[in-house]
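As recorded in TrEMBL:
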type	residues	note
TRANSMEM	9-31	transmembrane segment
TRANSMEM	37-59	transmembrane segment
DOMAIN	82-215	domain 'Palmitoyltransferase DHHC'
TRANSMEM	134-155	transmembrane segment
TRANSMEM	175-196	transmembrane segment
Amino acid sequence: MIKKYLNKFFIYFICFSIVFVYIVNVKVVWIDLIESSIYRIPYLLLFTILTTLLGWSLFKTMFTDPGRVPQNWGFFLNDPEQKKRKFCLICHIFKPERCHHCSACNRCVLNMDHHCPWINNCVGFQNRKFFMQMLFYVILDSYCAVIGLGYGLYIEFENIMLYFNSEGDLHFIDALLLLCAFGISCLASCLITMFFKFHLELVLSNRTTIENLEKKRNEETGQQNDDFNQYDLKPYYNWVQVFGMSKLSWFLPIQMEGGRPVGDGILWPKNHHNDSLLLKDHASNPIYNGKGDNFQMQQYNNQLFHSNNQQFRSSSTQHQ
């Protein structure tokens with residue numbers, strides 16, 4: 001019960017903060033304090049666009065299904081025994097690789113990154129792109145707000161100095177609102193910048209937050225000595241697995257043609273320059289040789305860009 005109310009509080013707080021900072025920045029600073037400026041219209045237009053994209057990406061992250069495991073999913077007959085044992089006792093399904101059960105959502109999520117209480121949803125295969133876009137627009141919007149609110153605080157400080165010299169009026173409420181909005185914007189810009197940097201590194205290395213934690217845990221216990229990541233296909237290919245092939249959709253929170261995540265979230269191509277970690281499954285065609293050059297690009301295109309849902313479903317139906 002407490003967790004449920006906390007999730008609602010996080011959602012209401014982040015929505016209130018976005019609206020509050022926008023209203024204070026536009027109304028108090030650029031309408032009341034700054035009556036005439038050549039930067040007024042361009043700034044307000046830019047700030048409105050960024051805030052709109054932020055709200056749009058937040059909405060898409062919150063209400064997009066992060067990745068539901070298909071009902072007809074099961075292991076293949078020639079899969080390793082360890083993979084066959086990945087069975088979720090709660091959802092009663094076999095979990096594909098990189099799939100984890102979320103205790104908060106009470107479901108298994110494909111390529112689960114983490115559960116985010118701020119959006120009351122998991123970040124997974126289908127909405128990781130929107131989550132990254134949301135962080136990106138939070139940073140741009142907060143930086144833009146810091147500039148505008150900082151300028152407003154500077155003008156308000158001059159008004160306070162004039163007030164003490166009996167030459168002006170003091171607007172205490174406006175000054176307090178400016179200070180609160182400026183503090184929220186500064187805090188968001190600092191924290192989200194570090195958070196975005198962390199998640200950008202994960203995307204470019206084709207890791208999730210859960211996999212990164214498992215890697216650190218294995219290193220601490222001595223179970224893993226090297227930093228080999230079998231899913232790392234070079235930054236560009238890692239990027240399109242999350243953001244899709246369409247460059248326009250990289251910056252817009254839309255699911256246009258070519259803007260969907262590449263693949264199906266179940267079968268994953270692998271980097272096999274370390275043959276000792278080669279996995280004999282249906283997604284194990286070597287597509288990258290670890291030397292920085294293209295290798296078997298046709299296999300990559302066939303396996304990723306055109307997806308393999310039909311091949312997977314026909315094979316699973318045949319073996320089940």
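Every residue gets a Cβ built from N, Cα and C, even glycine.
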Long-range environment of the transmembrane segment (134-155) - Cβ separation under 8 angstroms, sequence gap at least 6: 18, 21-22, 24-25, 28-30, 33-34, 43, 46-47, 50-51, 53-54, 57-58, 61, 119, 175, 178-179, 181-182, 185-186, 188-189, 192-193, 195-196, 199, 253
Within the domain 'Palmitoyltransferase DHHC' (82-215), residues counted as helix, strand or coil by DSSP: 80 helix, 16 strand, 38 coil
